[in-house]
Amino acid sequence: MARLTLRPDNSCFFSHIQRAYSHTPFTRTTSFQRFHFHLSPSNHTLRLRIVSSSQQNAKETQRVSMAKAKAKVLTDLQVEEMEKQHETLSWNWPPWKNLPQRYKLIGTTSLAFVICNMDKVNLSIAIIPMSHQFGWNSTTAGLVQSSFFWGYALSQLPGGWLAKIFGGGTVLEVGVLIWSVATAFVPFISGYMPGLLLSRVLVGIGEGVSPSAATDLIARSIPLEERSRAVAFVFGGLSVGSVMGLLLAPPLIQNLGWESVFYIFGLLGIAWFLGFQVLEGGETQLNAESLSYQDTMTQSWKTSLRELNGSLKEVPWKAFFQNRAVWAMIYAHFCGSWGHYNCLSWLPTFFSEELNLNLTEAAWVSILPPLASIFVTGLAAQLADNLISRGVEATVVRKICQSIAFLSPAICMTLSSLDLGLPPWEIVGILTSGLALSSFALSGLYCTHQDMSPEYASILLGITNTVGAVPGIVGVALTGYLLDSTHSWSISLFAPSIFFYVTGTIVWLAFASSKPQSFSELN
């Protein structure tokens, strides 16, 4: 049996006891020490340890201080985390706030182009009930529709020049406001032919400056390897606008009257203009990213008339018209516009008369080509940018894309115009395929201006688009006249378009080029 021995923990045991009881225990309060007993297994000795209360209090204080410190650190971390969450929410709203500046630019510009074509195609649907109400024949209807292109042609060169001087964003804003207000005023003056024609001319002027403004913005802010997709996204808004316009116009006309189309579509453009003023990131004074040309050249509206005239004289006009590639762009733009504008203006009437469809059905069928174009546009842009990024020369890529854009509708129009006994709906499918593939032009012709000269891209597009607007003036009216004379859609609509598509392909393959040009030096 083990013997237990009570002994002090150290040599000071008895002296501690003696000091603790040295005073009279009955007259004074005794401060007792804490005793800790533990059995030492090594020598079976019961040890008695005395710990002072001051040491214990110090430990308690230290433990409380550490707990408070931990709580403070945790509180600070929670506050910091809450601040980060709040900052994240703040930075993520509005959703486009953290997008790169060039993406905001492309998005707002594309939306403007959606509204642009909504206001352009609304008349191609409304012209049917308007012709019935006012007793217009095809020649008069063609005149009304072609008046848009008078203003469109007149504003091309001024639009390109103004975009170069004041910046594409400012010109685009003013253009949207002009065409939107003019659209909303159409119902008020529709019974007065000169007033109606004037309103459509103003719509053409407002929309005419938009392509040059957009081209200026893209040339300044988008690098070469992203340019096909940027052009496709912006100008692809035209196809989306055609779809939305053709989709919304018939029910609006049937339920609210043809006037409602002009009111509502005009207000959409005015709303875009107001929203663009407050949209952060809508500013168009951007520095180019991965682009050698970074001179914004944007000046204020206070620029003097002398400075404007000097800037106009600095444009190397002579060098432009001495360049074969520029002439190739001019003729290709004319050829593509002949087919595009005539089909845009007359296809709803063609489908209505050829297929005996009512207004809504004809509009639904007319949606198919621009709807298919949206898909083709994205495919063509991705293909073109991938080829360029893999080292294929830009000129080769642009020629391939533009050849597809011209030959596809030429073949499909030929099949539709021949008497092959095809059912009407097969003709619709063939025309839809051909017109959809013509969207390859957005990765062909429409990129060549920026490829050749980012500095003068807006002016180059102004030149080619001016000539490209002529088919809208002459072709649309001529189609109506030929239709009244021959009563043949093959002769009036398809045959001229086929001719220009084929000859445009030949000229493009022979002379087109995307090599950068120093027009100022050549001048």
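Any Cβ shown, glycine's included, is placed from N, Cα and C.
Within the model, the domain 'Major facilitator superfamily (MFS) profile' (105-515) carries an average pLDDT of 84. Taken from TrEMBL, the feature domain 'Major facilitator superfamily (MFS) profile' applies to 105-515.
Per TrEMBL, transmembrane segment is recorded for 165-190 (among others).
Sequence annotations record features per position, and here TrEMBL assigns transmembrane segment to 230-249 (among others). With a cut-off of 8 Å between Cβ atoms, the residues of this chain six or more beyond the transmembrane segment (230-249) that come close are 102, 106, 109-122, 124-126, 211, 214, 218, 222, 261, 264-265, 344, 348, 363-364, 366-367, 370-371, 373-374, 377-378, 380-381, 439, 442-443, 446-447, 450.
Annotated transmembrane segment per TrEMBL: 261-279 (among others), in sequence order.
Away from its own ends, the transmembrane segment (367-388) comes close to residues 224-229, 231-233, 235-236, 238-240, 242-243, 246-247, 343, 347, 394, 396-398, 401, 404, 428, 431-433, 435-440, 442-444, 447 of its chain (Cβ-Cβ under 8 Å, at least six residues beyond either end). Residues or ranges marked as transmembrane segment by TrEMBL: 367-388 (among others).
Here the transmembrane segment (427-447) has long-range neighbours at 227-228, 231-232, 235-236, 239, 329, 332-333, 336, 339-340, 343, 347, 351, 354-355, 365, 368-370, 372-373, 375-377, 380-381, 383-384, 397-406, 408-413, 415-416, 461, 464, 508, 514, meaning same-chain residues at least 6 beyond its ends whose C-beta is under 8 angstroms from one of its own. Here TrEMBL flags 427-447 (among others) as transmembrane segment.
Within the chain carrying the transmembrane segment (459-483), a Cβ under 8 angstroms from the stretch's Cβ atoms is held by residues 138-143, 145-146, 148-150, 152-153, 156-161, 164, 204, 208, 211-212, 215, 315, 320, 326, 329-334, 336-338, 341-342, 345-346, 445-446, 449, 452-453, 489, 491-493, 496, 500, all 6 or more beyond its ends. Annotated transmembrane segment per TrEMBL: 459-483 (among others), in sequence order.
For the transmembrane segment (489-511), same-chain residues at least 6 beyond its ends with a Cβ under 8 Å from one of its own Cβ atoms are 324-325, 327-328, 331-332, 334-336, 338-339, 342-343, 346, 350, 353-354, 399, 402-403, 406-407, 409-410, 413-414, 416-418, 444-445, 471, 475, 478-480, 482-483. Among the features that TrEMBL reports, transmembrane segment is placed at 489-511 (among others).
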